[in-house]
Structure formats: C-alpha cells, structure tokens
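Peer 1: One structure, pasted below without further comment.
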Amino acid sequence: MSVGFIGAGQLAFALAKGFTAAGVLAAHKIMASSPDMDLATVSALRKMGVKLTPHNKETVQHSDVLFLAVKPHIIPFILDEIGADIEDRHIVVSCAAGVTISSIEKKLSAFRPAPRVIRCMTNTPVVVREGATVYATGTHAQVEDGRLMEQLLSSVGFCTEVEEDLIDAVTGLSGSGPAYAFTALDALADGGVKMGLPRRLAVRLGAQALLGAAKMLLHSEQHPGQLKDNVSSPGGATIHALHVLESGGFRSLLINAVEASCIRTRELQSMADQEQVSPAAIKKTILDKVKLDSPAGTALSPSGHTKLLPRSLAPAGKD
C-alpha cells in the first residue's frame with residue numbers, strides 16, 4: 001500500500017511522521033505534492049525520506065490511499081485537476097474542515113462512477129502518535145476501506161468511526177483542541193514566570209501537569225469534575241485558583257470556543273458546496289498554479305501578475 005498527500009503542510013507532515021514512527025508505512029511508500037517546494041514542512045518530509053513533487057497528478061498515480069490535506073477552499077480546484085486520474089483502486093480521504101462527502105462524490109462522479117470517499121477529522125498530535133481522529137465513510141466506500149482507515153489512523157492515536165453530521169462538532173472540540181491547549185499552556189507558563197519560575201521550567205511543568213491530568217482521566221472511569229474535586233482541598237490554594245477561573249468565565253469561554261470553531265466549519269462547508277471562494281484565496285490559488293505552469297520565458301511580477309520576459313532574458317533555444 002502506498003499513501004499520497006495532496007498538500008505538504010503541517011497535517012501531511014504530522015501524519016507522515018506518525019505513520020513512519022508507528023511502523024505502518026515506510027517513508028518511500030509516501031508521496032506528497034505542493035506547489036511551494038520551499039516550505040519548511042517540505043524540507044522536513046524530504047529529510048524523512050518521503051517522495052516530494054510539485055505535481056498533484058504524480059501523487060495520485062503513486063497512491064492507493066490519497067489524503068486531501070489542503071484548505072477547504074482549495075478542494076474544488078484539486079478535484080477538478082485530479083478527477084480524471086482517480087482509479088478504482090483509490091480511496092480518497094478528505095481532511096478538509098467542512099467539506100462534505102457528498103460534495104466530493106459529486107465532483108469525482110463526473111470523472112468516474114462510484115468513487116470511494118472517506119471524510120476524516122484528525123489533529124496535529126498524530127505527529128507524536130497521540131492524535132484524536134474520527135472518520136465517516138462515503139456512499140461507495142467499502143467496509144474494508146473503513147477498516148484500513150482505522151488501522152492507519154489508530155497507529156497514530158485514538159480513532160473511531162462516527163456519523164458524518166458529528167464531524168463539525170469534532171472539529172470544534174479535538175480538531176481545534178490542541179490550539180486551546182497550547183494557549184492554556186502559554187498562559188500557565190506566563191503565570192509561573194510572573195511568580196519567579198524560569199521560563200523553560202514553567203513550560204515543562206505546565207505541559208507535564210496537563211499530560212498527567214489527561215492520562216488520569218483516560219485511565220479512570222471518573223468524571224473530570226470528580227477528579228477536579230479530588231485536587232481541591234477545603235480552603236486550599238487550588239479552590240481559590242478555581243474561583244478565579246470561574247469568575248473569569250473559564251468554562252464558558254471554552255464552550256464558546258468549541259461552538260465558534262464548529263460554526264465556522266459549517267460556514268466553510270456552505271462556501272465549499274456553493275464553490276464560493278474569497279478573492280484572496282482565489283488569488284493565492286491562481287498564483288500557486290502560475291508558479292507551476294508558467295513557461296520558462298515568463299516570470300511573476302511583484303504585483304503577482306505574469307509578465308513576458310524580454311527576448312534577451314528568455315532561455316536560449318525557445319522562440
């Protein structure tokens with residue numbers, strides 16, 4: 001089995017590193033494509049031994065399982081580009097927030113009947129094999145496709161199948177969750193520094209506290225509220241600290257953050273379904289394509305428009 005990534009950003013890097021670290025895939029069995037071969041993640045993938053290409057079609061031809069690891073607004077462009085290259089063997093896995101299975105199936109069905117599509121939502125801790133992933137299978141995906149997906153993604157953390165209509169909520173919770181945790185850790189470390197701790201030690205202690213708390217919860221059958229109560233002695237330091245968090249609306253802020261992420265995911269879904277893309281997104285997509293498709297005698301001007309090079313500067317031997 002070979003795996004391809006359309007997109008060579010943080011998610012592709014995290015999954016590729018997780019798969020190779022888990023031993024489920026050798027690096028030479030992975031290929032990723034990106035129009036920008038100067039990305040830091042591209043360099044990191046290359047050092048791992050992953051094959052890199054600027055051409056999406058090459059990645060499709062190399063792959064059995066194809067991950068669409070690009071921003072939601074790019075998906076319609078990608079499907080139009082690679083649709084004709086999708087074959088019966090391909091399992092197309094979308095990692096794009098808000099992009100529905102039906103919208104992908106509709107696009108691909110214009111090129112080939114019964115495309116095998118899976119939608120997943122994962123997160124970047126897959127890079128250390130502690131990811132949280134859910135997936136939903138499409139109309140034409142086979143039972144074995146779901147099993148293969150679970151085998152792959154269980155190697156890099158927790159993975160389970162859900163109904164597709166739950167994936168937006170998962171995006172708000174665990175998809176965006178690492179960012180909430182990093183923000184909390186940054187603030188905890190600032191608190192430690194304010195009270196006199198060296199920065200490095202403060203970050204390490206905060207991270208270990210959250211890691212330990214998460215493991216305690218996962219290894220017990222107790223409600224998180226009960227575990228919180230177990231730490232809070234009457235009149236002690238912890239209950240006073242919790243009072244400050246409650247006064248600041250800590251719980252409500254987290255609930256609202258999950259809700260905001262979920263709502264934005266649904267907005268992205270609506271935009272993708274209607275193929276509505278912001279002007280800035282269109283400009284970036286076009287510029288990326290121009291970089292790949294420009295003939296040798298053209299160059300990008302500072303404004304982002306293509307301009308013809310003077311004949312004296314064009315490569316020799318081309319009229």
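The backbone N, Cα and C atoms fix where each Cβ goes, glycine too.
Quick paste from Swiss-Prot:
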- 6-11, SER34, ASN56, 69-72, 95-97: NADP(+) binding site (BINDING)
- ALA8, GLN10, LEU11, SER34, ASP36, ASN56, VAL70, LYS71, ALA97, ASN230: NADPH binding site (BINDING)
- GLU164, ALA237, THR238: L-proline binding site (BINDING)
- SER2: N-acetylserine (MOD_RES)
- SER278: phosphoserine (MOD_RES)
- SER301: phosphoserine (MOD_RES)
- 294-319: region 'Disordered' (REGION)
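Help me see these features in their spatial surroundings.
Peer 2: For LEU11 (NADPH binding site), the same-chain residues 6+ apart in sequence whose C-beta sits under 8 angstroms from its C-beta are ALA69, CYS95, THR122, THR124.
Around SER34 (NADP(+) binding site), taking its Cβ as the centre, 25 other Cβ atoms fall within 10 Å, counting all chains.
When secondary structure is read from DSSP and collapsed to three states, ALA237 (L-proline binding site) falls in the helix class. Note: ALA237 (L-proline binding site) has no non-local neighbours, i.e. no same-chain residues 6+ apart with C-beta under 8 A of its own C-beta.
For SER2 (N-acetylserine), the same-chain residues 6+ apart in sequence whose C-beta sits under 8 angstroms from its C-beta are LYS29, ILE30, MET31, HIS62, SER63, ASP64, VAL65.
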Peer 1: From the binding-site residues ASP36, VAL70, GLU164, THR238, pick the residue whose C-alpha lies nearest to the C-alpha of GLN10 (NADP(+) binding site).
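Peer 2: Closest by Cα distance to GLN10 (NADP(+) binding site) among the binding-site residues ASP36, VAL70, GLU164, THR238: VAL70.
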Peer 1: Please give me the binding-site residues out of ILE6, ALA8, LYS71, ALA97 that lie within 10 Å of ASP36 (NADPH binding site), comparing Cα atoms only.
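Peer 2: Near ASP36 (NADPH binding site) by Cα: ALA8.
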Peer 1: How many other Cβ atoms are found within 10 Å of the Cβ atom of ALA69 (NADP(+) binding site), counting all protein chains shown?
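Peer 2: I get 26 for this one.
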Peer 1: Mind checking which of ILE6, VAL70, ALA97 has the fewest other CB atoms within 10 A of its CB? They're the binding-site residues.
Peer 2: ALA97
